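Notes follow once the structure below has been shown.
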Amino acid sequence: MASCNNSSLIIGFLVLALVHFNRINALSSNYYDQTCPMVESTVTSSVKKAMLNDRTVPAALLRMHFHDCFIRGCDGSVLLNSTANNQAEKDGPPNISLHAFYVIDHAKKALEAVCPGTVSCADIVALAARDAVHLSGGPTWVVPKGRKDGRISRASETRQLAAPTSNISQLQQSFSQRGLSMEDLVALSGGHTLGFAHCSSFQNRIHNFATTQDVDPSMHKSFAASLRSVCPMHNKVRSAGANLDSTPTTFDNRYYKLLLEGKSIFTSDQALLTNPTTNTLVKKFANSREEFEKAFVESMIKMSSITGGQEVRLNCRFVN
């Protein structure tokens, strides 16, 4: 049984590596220059419009891109609706709180009007994530384009996503299986500079942490007390939770500074301090926003180049 599992694992790594290699070679910064030159401005316009009405949109779009890329690559599979015969990724437990799908729908509709059947939903998600970061005060970058949309989306596969309760070994395994390094792990974790977490995702740190400790001792005492006040043991307020850092709508390096102060939200955040390599990177990014942004851009391009779809969907919620 063990040898069979190991063989499956090795085959899985090879498939991921092959997909990674093929897609990097297929993607291009000028992919739509001739076929749909309006693609970038159209997506940016959709993101800007949504942000005027909802400041949580950037965090949602960035998280959507992460969750898409970590399951079957960046193929837009997270956008597909469930059907009578299949529960899709967006309905898997880690993705229930994903939102702002309408932003992708609006961009797609606008693009279909000017260049039908040309721009993939996966590319729209990648561009929207970049715009989300930049419009929140973060860096911008040239997004390689040419991804195709996948036809398979399974809620059961969302178990592959790293949980907020993950330790450093689990995080490292999740990233390395996708060709991503420890530096990528720490840089991309900086995406937690945007957004909000519900109580359920960090309950393990503030209630019944261990048999002799109710609260995670690595957490700053007053910070833990504030979290416990908004998230009591038997919390019944569905919307209750906490911002991921103290500037949740601004893309900056505050996340790393707070992490070093014991004011991180998730176990997976705190885990970055438990390994010498990741600990050093956290300190580096806390000390220099410039170093963080440079690493974040490189890691985003690397992550978003892992894909393996087959078609350009006409509607992002349904296969052709």
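Here the Cβ of each residue, glycine as well, is placed from N, Cα and C on the backbone.
The following features are taken from TrEMBL:
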- 1-26: signal peptide (SIGNAL)
- Cys36-Cys115: disulfide bond (DISULFID)
- Arg63: site 'Transition state stabilizer' (SITE)
- His67: active site, proton acceptor (ACT_SITE)
- Asp68, Gly73, Asp75, Ser77, Glu89: Ca(2+) 1 binding site (BINDING)
- Cys69-Cys74: disulfide bond (DISULFID)
- Cys121-Cys316: disulfide bond (DISULFID)
- Thr193, Asp245, Thr247, Asp252: Ca(2+) 2 binding site (BINDING)
- Cys199-Cys231: disulfide bond (DISULFID)
Nonlocal neighbours by CB distance (under 8 Å) for Glu89 (Ca(2+) 1 binding site), same chain, sequence gap 6 or more: His67, Ile71, Ser77, Val78, Leu80, Asn95, Ser153, Arg154, Ala155, Glu157, Thr158
Chain-mates of Thr193, Asp245, Thr247, Asp252 with C-beta within 8 Å of site centroid, Ca(2+) 2: Leu194, Leu244, Ser246, Pro248, Thr250, Phe251, Asn253, Arg254, Tyr255
Cβ neighbour count within 10 Å of Cys316 (disulfide bond): 22
Cys74 (disulfide bond): nearby binding-site residues from Asp68, Asp245, Asp252, Cα cut-off 10 Å: Asp68
Near-site residues: Ca(2+) 1, ref Asp68, Gly73, Asp75, Ser77, Glu89, CB cutoff 8 A to centroid: Cys69, Ile71, Arg72, Cys74, Gly76, Val78, Ala122, Gly150, Ser153, Thr307, Gly309
Asp75, Thr193, Asp245, Thr247 screened against Cys69 (disulfide bond), Cα within 10 Å - retained binding-site residues: Asp75
Asp75 (Ca(2+) 1 binding site) versus recorded positions Cys115, Cys121, Cys199, Asp245, Cys316 - nearest by Cα: Cys121
Rounded distance in angstrom between the Cα atoms of Cys231 (disulfide bond) and Cys115 (disulfide bond): 48
Distance from Thr193 (Ca(2+) 2 binding site) back to Cys36 (disulfide bond), taken between C-alpha atoms, in Å: 33
Integer Å distance between the CA atoms belonging to Gly73 (Ca(2+) 1 binding site) and Cys199 (disulfide bond): 29
Nearest-integer angstrom distance between the alpha carbons (Cα) of Thr193 (Ca(2+) 2 binding site) and Gly73 (Ca(2+) 1 binding site): 23
Under 8 Å by Cβ from Cys121 (disulfide bond), same chain, sequence gap 6 or more: Gly76, Leu79, Ile104, Lys108, Asp149, Val312, Arg313, Cys316
Asp252 (Ca(2+) 2 binding site) versus recorded positions Arg63, Asp68, Gly73, Cys115 - nearest by Cα: Arg63
